[in-house]
Amino acid sequence: MSTPVKAAVFGTGSWGTAFGMVLADAGCDVTLWARRAELADAVNSTRTNPDYLPGVELPENLRATTDPAEAARAADFTVLAVPSQTLRGNLAEWVPLLAPDTVLVSLMKGVELGSAMRMSEVVEDVAKVGADRIAVVTGPNLAREIAARMPAAAVVACANEAVAQRLQAACHTPYFRPYTNTDVVGCELGGAVKNVIGLAVGIADGMGLGDNAKGSLITRGLAETTRLGLVMGADPLTFSGLAGLGDLVATCSSPLSRNHTFGTNLGRGMTLQETIAVTKQTAEGVKSCESVLDLARRHGVDMPITETVVGIVHEGKPPVVALKELMSRSAKPERR
């Protein structure tokens, strides 16, 4: 009998835990790293994550520890599932503990503030490993649905197709269907920008602007993503796939989406601080909208929806005023 694949998941939020379940259901031995002892104890003693996936029974071949060295030991895959703006600091602490040939897997959908780096670039910069040992899992993957073992598809992206195929095999279950892709740039941009567009659609929903507005924001948001991706060397087909349109539609349509919910609260008139106070988990788009806009400006790409979201979230611009400015921009051909 072959030895089971070993996976370490650093982060016990809803998505890290849900993906750990996927790996376990696919036959891997999974260890979750938890920052808090009480959460690790709950996972091990009750087979649940009461903080982030209450009521979901976790597989027997998934356990938790607060010791990062124990989690990382001999792991074939080291999955990173922490808030994107904390990745650099956390990973710097974990790098000395990592197994020599482990594949680093990013579940994060963001762009780092200041550097405007994608998450795989941060991993490469901090861990000093080549792109052939860094993979990304992305797509329309709402954690609560996956934890309920509802059908979902995803993209496993890596510059090395063989590594992508290894990870694909390690997380393929009857309910979770991963596809491989070597376009890491496009896959990561799709995930990062959709969080920003999810905020925009949520704001529109909170304002009661209707489905025409939602459809327009989704479509033009996809156009913004594609423009940025093309300038950065991404494959345009990526944006019509799971990492682009698929993820965007799920985020902009579901009440389970943290970014959509965050935007909805802003659109209903809550202040930024009030919205943060009622948001239990990280809505990545709140911080990443600034870094996505920074990235776009570095590449000379016009992203008006992203700019509008930054104005509302970080500059205190009233949504009604921001909407008026967005709608009164000069007319242009659609395919620009």
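The backbone N, Cα and C atoms fix where each Cβ goes, glycine too.
According to its DSSP assignment, Ala143 (NADPH binding site) is helical. The local packing around Ala143 (NADPH binding site), expressed as other Cβ atoms within 10 Å of its Cβ over all shown chains, amounts to 23. The annotation NADPH binding site is assigned in Swiss-Prot to Ser14, Trp15, Arg35, Arg36, Lys109, Ala143, Arg258, Glu284 on the grounds of sequence analysis.
Cβ neighbour count for Gly139 (sn-glycerol 3-phosphate binding site) (all protein chains, 10 Å cutoff from its Cβ): 25. Among the features that Swiss-Prot reports, sn-glycerol 3-phosphate binding site is placed at Lys109, Gly139, Lys194, Asp247, Ser257, Arg258, Asn259.
In the three-state DSSP scheme, Lys194 (sn-glycerol 3-phosphate binding site) is classed as helix. Sequence annotations record features per position, and here Swiss-Prot assigns active site, proton acceptor to Lys194.
Every protein chain shown contributes to the tally, and the Cβ of Lys109 (NADPH binding site) ends up with 29 other Cβ atoms within 10 Å.
The 10 Å shell around the Cβ of Lys194 (sn-glycerol 3-phosphate binding site) contains 32 further Cβ atoms across the protein chains shown. Cα-Cα distances to Ser257 (sn-glycerol 3-phosphate binding site) place Ala143 within 10 Å, out of the binding-site residues Ser14, Trp15, Arg35, Lys109, Ala143. Long-range C-beta contacts of Arg35 (NADPH binding site), restricted to its own chain and to partners at least six residues apart, with a cutoff below 8 Å, comprise Thr12, Thr66.
The secondary structure of Arg258 (NADPH binding site), as reduced to three states from DSSP, is helical. The separation of Lys109 (NADPH binding site) from Gly139 (sn-glycerol 3-phosphate binding site), Cα to Cα, is 10 Å.
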